[in-house]
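As given in TrEMBL:
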type: TRANSMEM; residues: 51-70; note: transmembrane segment
type: TRANSMEM; residues: 82-101; note: transmembrane segment
type: TRANSMEM; residues: 130-150; note: transmembrane segment
type: TRANSMEM; residues: 162-180; note: transmembrane segment
type: TRANSMEM; residues: 192-210; note: transmembrane segment
Amino acid sequence: MPKAMKVDQLSQKEETRINPQPNILMKKARTLPVYVCRNIWKVGKDDPRRVIHALKVGVALTLVSFLYLLEPLFEGVGQNAMWAVITVVVVLEFTAGATLCKGLNRGFGTLCAVSLAFFIEFMAEETGRVYRAVFIGATVFLVGFMSTYLRFFPFIKKNYDYGVVIFLLTFNLITVSSFRVQNVLHMAQERLYTIAIGCGICLLMSLLIFPNWSGEDLHRSTARKFEALAKSIEGCIDEYFHDKDDKVSENKLDGPIYKGYRAVLDSKFSDETLASFASWEPRPTRHCHKYPWQQYVKLGTVLRHFGYTAVALHGCLQSEIQAPKSVRLLFRDPCMRVASEVSKVLVELAYSISNRRLFSHDALSDHLHEALQDLNSAIKSHPRLFLGSKNGRKVTETKHEKASSAVALPSLKTDTSVMLQWKSNRIADQPKNSSEQKQLRPTLSKLAITTLEFSEALPFAAFASLLVEMVARLELVIEEVEELGRAAYFREPTASDELTIKVKIDNMRHNENSHDLHAHEVHRIVD
């Protein structure tokens, strides 16, 4: 008997080794509940307002269900109470602006459809049955054509598309049903009442009980985008100048640098949607003016154009051709100072927007201008590095341009002759297999790139030019922020604000200096 049990165990192990699929499925089945619970907790932890909104929807559905559950309410409303439930499901959105937009669109569209159906019924009442059918068919065609054509207008599509759809649906249901069903207009009146009840409950839950405002979401997301770009730029600079090897390490697509600028580049649709919903929200202010939500959309567009430089800067880290470590360390301090000043301006812009305060960039712009001048002076002090990296280190700065050209041209000729000789030898020994030929082509291309005179300085020149382009585009961003502050009547900076800004800048510069000193000590120990 024990021998039989051992044989069975051995057969089970052999079956598991041959077919491991059941064990994998069992393991996944055991870990599935834990995975689901973690995701549920993560969604609520990332934004607790989601839990509150889910509770609000549950309460609203419970309230409208009383139209069915309570006898007095059911006798007054009847079977049309289901329209109140449908209204709560489709109208109650996450933000108050979205709920107002859909609720008012649904109510206004239903009211217009019922009114037009009353008018059509009144006109078709005195005609015969055949003429009435023709009249209703023609009316349905005209209303359907005009309503659908109106949806192509950008303004209607953006603000009233849902209302036009509800109008078209309700009108057709009432008008076509009136040909066969008696007293259909009374049913339409009851349906209008139940829809009004559903919209009222949605507005009550959305506006008065823990409201989520689309305008506030747009305002906070705009400030967060500035901070995300600042972190992305700082990450690019740290990765470029603080690597251990000569070749810059590859950055993953889910890293902080990628997430920083990706949040800005993917914000076009969300900005436009939040601005559209925010225009429906009531916003009492000291000034009798319409809040400039579209200015946030315009600022987001300019910020995305600025973010493209961060994308290109990140691309320099993943380039196949990298500048040597000696070249990068030579211009490390001025480049890091320019990037640091750009990050400080972005952080200050985020602070001014989040606090609805006008931007004061006098002190920041002065330091940014000085950092840009230092980078320009550093590049001018090494002209031969950019004219010819290989020969520039062999020729001293005291020689004239003729001497440098006399040295550079023969070297270029030698490199070209080496290329031609390698190519001729490569053709003589060319393999017959086409797959081997395709694999060896990149070797020829990389050899051609490395023989260029400016190949060592070219990658850094691209990196430095992107920093200068970033400073130029930053001026456009600052102008848009100032325009937003004037249009939204941001408050003037006070003495406490100026002191806070000064303390923040001093702390950032102190941290930067201590970080640079530590990095300098590390490089000195390594050397």
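For all residues, glycine too, the Cβ spot is worked out from N, Cα and C.
Ranked by number of Cβ pairs under 8 Å to the transmembrane segment (192-210), the listed stretches 82-101, 130-150, 162-180 are led by 82-101. If you look at the transmembrane segment (130-150) against the transmembrane segment (162-180), you find at least three C-beta pairs under 8 angstroms, all six or more positions apart, and that counts as contact. Residues 101-102, 104-106, 108-110, 112-114, 116-117, 120-121, 132-133, 136, 139-140, 143-144, 147-148, 150-151, 156, 188, 191 of the same chain sit 6 or more residues outside the transmembrane segment (162-180) yet have a Cβ under 8 Å from a Cβ within it.
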